[in-house]
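TrEMBL lists G62, G63, R84, N189 with the feature substrate binding site. Residues or ranges marked as domain 'Aspartate/glutamate/uridylate kinase' by TrEMBL: 22-268. Summarising the annotation, TrEMBL assigns site 'Transition state stabilizer' to K27, K249.
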Amino acid sequence: MTPNVADILIEALPYIRYFSGMTLVVKYGGNAMVDEQLKEDFARDITLMKFIGLHPVVVHGGGPQINKVLERMGISPRFVRGMRFTDQETMDVVEMVLGGKVNKSIVAQINRQGGKSVGLTGKDGGLLQAEKLQIMHQPDENKPPEILDPGLVGRVTSVNSELISSLSAQGFIPVIAPVGVGAAGETFNINADLVASRVAGSLKSGRLIYLTDVDGLMDARGNLVTSVDAPTVTKMIQEGTISGGMIPKLEYALDALENDVEKVQIINGTKRHALLLELFTDQGIGTQVTAQSGMEK
Ligand SMILES: Nc1ncnc2c1ncn2[C@@H]1O[C@H](COP(=O)(O)OP(=O)(O)O)[C@@H](O)[C@H]1O
Ligand SMILES: CC(=O)N[C@@H](CCC(=O)OP(=O)(O)O)C(=O)O
């Protein structure tokens, strides 16, 4: 029998009670911003979460959107172990696309739904202090690791969590673009999965949810892995079952758990209302990342 509307609302009640007052960091990947309908749904879900007493904080990406602009300018996007090779010209485009177009469009969508959203890059209020990232690469175990230089790519050294908390407490929904600022005022391009992990860690948030373009982590046979722990992640990376953008996502997910984030989930943001279904219904979706096996909901 199809549940009626009242049943659905009643099913949500224990979840709403549980999550009320909780800070949740939602990483909104560029691949999940596929069409206008999905973008509107996302903004609605986030606004609803805020109105029923949760404190969502959005960290967004925009990799595909940056690629589009670079290609229009005749620049071929280049990646070094999943990080965009960022020279000064690329950095200008990244800052324009992430801090401008993508950030402001999410803010506008949330505000249109009746939420109060504020867009920030890591430069606003010194939100994301960063330093240059050096990538260690060891393709051959018998040789010393090489250090790869991805250019103006940063790692987060500190997060101004007070700024985020005070905005949240005043009823705002912070929307953060992954652009950081260095000690000398320089601009760094930072992987959005990393920023989400560090923001969640600094807020000691109850949940970190990665919205991506697949149902979650898949095993070698292509089946969804509903729960994965640190040793299994390491094994799956070594075996090559986890590749590309999923590697940093899982590594940063594990970092977040080490920084006292209660729970990390990876879900498919290209499915309508994935966030609401995950949070407020009995049917959990996606992959839960845990530090050790046996840790469940
Ligand atoms: N084992 C795996 N399970 C699921 N996705 C994987 C796996 N290994 C690699 N991937 C790739 O990781 C991608 C998600 O990472 P990424 O493209 O960085 O997403 P986002 O832009 O949402 O951050 C998937 O689209 C998929 O192609
Ligand atoms: C250093 C680095 O790679 N930065 C990313 C920042 C955006 C991002 O992470 O976007 P998605 O989450 O949509 O992939 C980039 O330039 O693409």
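The backbone N, Cα and C atoms fix where each Cβ goes, glycine too.
Counting neighbouring Cβ atoms within 10 Å of each of the recorded positions (K27, R84, K249), the lowest count belongs to R84. Under 6 Å, Cβ to nearest atom of ligand 2: this is the test, and of the recorded positions K27, G63, R84, N189, K249 it is passed by G63, R84, N189. Around the Cβ of N189 (substrate binding site), 26 further Cβ atoms fall within 10 Å across all displayed protein chains. G62 (substrate binding site) falls within neither a helix nor a strand when secondary structure is assigned with DSSP, and so counts as coil. Taking the C-alpha positions, the distance from K27 (site 'Transition state stabilizer') to G62 (substrate binding site) comes to 11 Å. Across the residues annotated as binding substrate (G62, G63, R84, N189), the two Cα atoms farthest apart lie 12 Å from each other. Along the domain 'Aspartate/glutamate/uridylate kinase' (22-268), the predicted structure has mean pLDDT 95.
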